Each structure stands twice: as C-alpha cells, then as structure tokens.
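According to TrEMBL, the features are:
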- 34-53: transmembrane segment (TRANSMEM)
- 60-82: transmembrane segment (TRANSMEM)
- 88-106: transmembrane segment (TRANSMEM)
- 161-182: transmembrane segment (TRANSMEM)
- 264-283: transmembrane segment (TRANSMEM)
- 303-320: transmembrane segment (TRANSMEM)
Amino acid sequence: DYCPSGLPLLQMVAGSGNQAVVPAALAYNRIRSLSAPASILGMVAQASALASLDTKTPALAVIVASTLNIIGDVLLCVYGGFGIRGAAFATAFANVASCAVLLVNLRRRLRNKLASFAKQRREEVIGVGTEASVLLVEEEIARLESVPFMSLPDKKSLREFIRLAGPIFFVIVGKLVCYSAMTFQAATYGLMELAAHNVMLRLFFFFATFGDSLSQAAQSFIPSIAYRNENYTGDDDSSSSSVVDDGSGSTETMHLIRKLMKRFMVMAGVIAVINSQFAAYLLKNQGHLFTRELGITSIMSNMSGWMRASLIVHPFIMLCEGSIIAKRDFKYLVGTYAVTMGIMLTQLRTCCMTFAGVWKALYLFQLIRMSQFGWRVWNKTFRLRKHDKTAQA
C-alpha cells in the first residue's frame, strides 16, 4: 500500500455505518496518489508563471486538464465500465498532462530570459569593455547556462524557502483540517447525509476556484507594483518591506495598490453574486444532475441556502488573504488561522446536532475569516495614514 494509514483514515471518515464505501474510496485514493508528485510540481510551475504575470499558460493548462478529464471520464466510465477507478485514472492523467504543459512553458520561458540576459550583457561590454571584462561576462553567462532545470536547494535557499513556505503550509493544513472535520462530522449522520455532503463539498470547491483566482492575482500583481516603486525589498533580515509591515510605503505605491484592490473588489462582487446564485439553484432545482437518489437531492435542496451564504463571501475572503500573503504578513495569517481552526473544530464537535449544523459551521468559518482578513486589509491598505493625508493636502 502507498500509505499504511490510508485504510484506517478512510474507515474513520466513513463511520461505522458506512463501511461499504471504503473499498471504492481506497481504490480511488490509491490511483490519485500516483499523480500527486505531478500535481505538486504543476502548482510550483503555475506559481512561477503567475509571478511572471503570465496568465495564459495556467489557463491553457486548466483547459487541457479539464478536456482530458472529461474525455477520460466518458471513455473509462461510460464506455469502459471502470466506474470510480476510471474516474480516478482520468483525473490522474489530466493532472500529469497539465503539469507537462506548465513545465514546457517554464523551461521555454527560462531559456528565453537567459538568452535575453546574455545578449544584453554582451552588448554592454562589446566595444567599451576590456578583454578581461568580456571574459568575466562570458563566465557569468556560462555559469547561468550550467544551472540545471531541477536541482536540490542549497542551505541558504532552503532556509529562505522554509521561511516563506512554512506559514503557507500551516494555512493549507488548517484549511484541510477544517474541511476534513466537516466530512467526519457529516459521516456521523448516515450514508445519505455523507453522500449529499460530498456532492455539496465538490460543488463548493468548484465554484470556490473562481474566488481563489483573485488570491493568485493579488499575490502576482501587488508585489510587482511595490517592486516597480522600489518599496518592496523582502530582505533576509526582515519579513517584509516598509509597504508590507505597516502599509506606509510611498504615497504613489499605496495609491496604486488601493486602486488595484478596488478593481479586484468589484470583480469579487460579480463572482460572488454569480457563483452563489448558480450554486444554490443547482442544489435547489437540479439535484438530479448529480444523483438519482431522491433522499440525497432533498437534503441538498434544504442546504442550498447555506451553500449560497458560504459562497457569497468566499471571493472577498480569498482576495483579502491573497493581499495579506502578497505583503508577507505571515504572523497575522498564521495567528488568525490557528484561532479560526480552533473555533471551527469546537463548533463541529459541540454545536452540530444535525447535518445542517455542518454547513452552518462552514458559514461561520467563512464569516470569521472575512472579518479577520477584511479588517487587516482595511487597516493596512485602505485606511489613510497621516503622511497620506498630508500629501493629499
């Protein structure tokens, strides 16, 4: 087995009354785990593309993955009769293909940047530099060309990576714990409730993706604005720059960031309205698209209001979270998630008397994050400082 703890974990999630679904779930997870390295590698390549403000390649990768996933589901599940295993293989293959698209683009982009840098450096020394300076430039270019496409980091790079990635890892784990706890709690109410919850959670994650894109956009564009205005340093001896720490960067930089955030807020509002209404409509009136079991569709219909409420604030949450990450305000991010995770787990453990309580807890989780992140963004980005008021006067 790939993971010795996989079977006990699935048995715990399913609950004592739903053990019949464990073999199929275990088969699905075993197949999906084969593509996990490609998924992680793809996320790294996607982050690199977005950091370079390349949005076309990630979009192309999503289109490729979605198309192959649909084709694979039809061929393996509808015509091949492989069932849940076919769905797992289709998704795994789509992940690998998406990763390949991103890596090919990343390699080409790095090669082009190196060629452009080499050309610029040679032009700088030809005609004006000495023979020694020309040799130094050629050695510099040769050293860069010898860097492998993939390699293990040195100690300094590893420390810097841990400093930046550690808080993000905690945030991801915190979200995973909260969403998994919802599934654990839903499983205690019976097979119907667990099935309805899984459909609803997948639908929630699907529509949440549109809001998540705002987080990626904020993480890509806010640092680029700050760098261009020479106020975003990210030195090793400080967690952030003057713009990051207290929002007191240059007036021009803060004005541009505020302007960008206002545009993102408008986009978040549009996404929130469309997503929440459409998701609620699907659960309320089109449950038969997901299952033919009337009991499950009835449960989903009753929960449509909580789905709408949770999705309508999600784009704003992710936008504010992305802004906090872009400004490297990691201490606040980790602290708030530690508190929120504790509240969420307590709510699920002590206050969920019915299945509806699970989705009420999700809405509470969303509201807490919205208030925490919204206050931070307002305080650090939109609230005018004394020197801003003086500059405007």
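The backbone N, Cα and C atoms fix where each Cβ goes, and this holds for glycine too.
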- Taking 3+ C-beta pairs under 8 angstroms (sequence gap of 6 or more) as contact, is the transmembrane segment (88-106) in contact with the transmembrane segment (264-283)? no
- Going along the chain, which residues at least six beyond the ends of the transmembrane segment (264-283) come within the CB cut-off of under 8 Å? 200, 203-204, 207, 210-211, 214, 217-218, 289, 300-301, 303-305, 307-309, 311-316, 319
- Message: Quick test of the contact rule: Cβ under 8 Å, at least six residues beyond the ends. What residues does that give for the transmembrane segment (303-320)?
- Response: 196, 200, 203-204, 207-208, 210-212, 214-215, 218, 261, 264-265, 267-269, 271-273, 275-277, 279-281, 283-284, 355-356, 359-360, 362-363, 366-367, 369-370, 373-374, 376-377
